[in-house]
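Chemist: Below is one structure. I have some questions about it.
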Amino acid sequence: MGAAALAAAGAAGQRRSLRKIGSTATQAPVDVGEPSPQNQFGFGTGTQRLPDPKSFLDGIDIFIFDCDGVIWRGDSLIDGIPAVLDKLRAAGKRCFFVTNNSTKSRKGYKAKFDSLGLDVPPEEIFSSSFAAAAYLEQSKFKETGKKVYVIGEKGIGEELDLIGVPWFGAEADKGKEPYMGSGGKLEQDPNVGAVVVGFDRNVNYYKIQYAQLCINENQGCQFIATNTDRVTHLTDAQEWAGNGSMVGAIKGCTGQEPRVVGKPSPLMIDYLEDKYSIPSRKRICMVGDRLDTDILFGRNNGLQTCLTLSGVTSEELLLSPDNAIQPDVYVSTIADFFP
């Protein structure tokens, strides 16, 4: 794709249109119980540590990288990442960065890449906050004249602002407590047509109650989750409860399943495929540290897959007989691409 087209596609995360993305944001997963007898790279049965980096790279045109646990941990860059990205681009590989973390918008993630010394154009960055806005835009939510209630942080709101969808909640509801004395009742806005649940370090009972009132009492109100990751990387010292805990709270009091827009939903790969006219998914490799989101995303959507052990998944867990989600190959970090 030429520079002009890339500039138009990115434009620092400005307004975008979705033309051919499937309207369904969740799909039944593929049968992940039996790995294929031979993967795309001819490396034999089942998953194994990457044996031949050159053959691997020769078979891939596009890399989709998760961020947390692959590029960085918390606010710390993983060793060797700048050199790897430079070498991939020098070899003619296109790189995209797709994260389930909704706390930042694409603009916010651009600033984080910059702070870590990584020169990544905004059009290469896709967050689940962007995916939530993209889904609402594609479904013509703005035309309904309704509002969005947000459990989450500023990334979701920034992306909703870009598409002109009114929203409230999020950080403004930090510290709020509903009155629960005699006759206590929390009134919800009847014009809320969607509740978007993203990771929220300030989630509280008020937000949960407000969200469930909207979903349970506002006819047709959508329940949208940016992702359902069980744990996340907030620091490089330990794992922290992820957005699955926030989504689970809303599921528990509504009895409804959310429309999930982040990985492993197909929405973001559908968007990339349409936006950049990608001819074949077989020469795309999803690189991530999570089996149940990154690797499942790749397998469900016809991509090659590479697991990195620099994040939440250990080699012991990967090779356990209880693990049914197998990548094509795995590495310690993506620095193994260039030994």
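Residue positions begin at 1 at the first shown residue.
Cβ atoms are placed via backbone N, Cα and C, with glycine included.
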Chemist: Of the candidates D289, D292, D322, which does TrEMBL annotate as part of the Mg(2+) site that also includes D66, D68?
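Modeler: Record source TrEMBL; matching candidate: D289.
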Chemist: Excluding D66, D68, D289, please set out which residues of the same chain place their CB within 8 Å of the center of the CB atoms of the Mg(2+) site, keeping sequence order.
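Modeler: The answer, listed by sequence position, is C67, G69, V70, I71, T99, H233, G288, R290, D294, T308, G311, V312.
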Chemist: Taking the Cβ of D68 (active site, proton donor) as centre, how many other Cβ atoms lie within 10 Å?
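Modeler: Result for D68 (active site, proton donor): 21 other Cβ atoms within 10 Å.
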Chemist: Just jot down the residues in the same chain as K263 (substrate binding site), at least 6 apart in sequence, with C-beta under 8 A of its C-beta; none if empty.
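Modeler: Correct list: D66, V98, N100, S128, N227, G288, T293, D294, L296, F297.
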Chemist: Measure from the CA atom of D68 (active site, proton donor) to the CA atom of D289 (Mg(2+) binding site) and give the result in Å, rounded to a whole number.
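Modeler: Their Cα atoms are separated by 8 Å.
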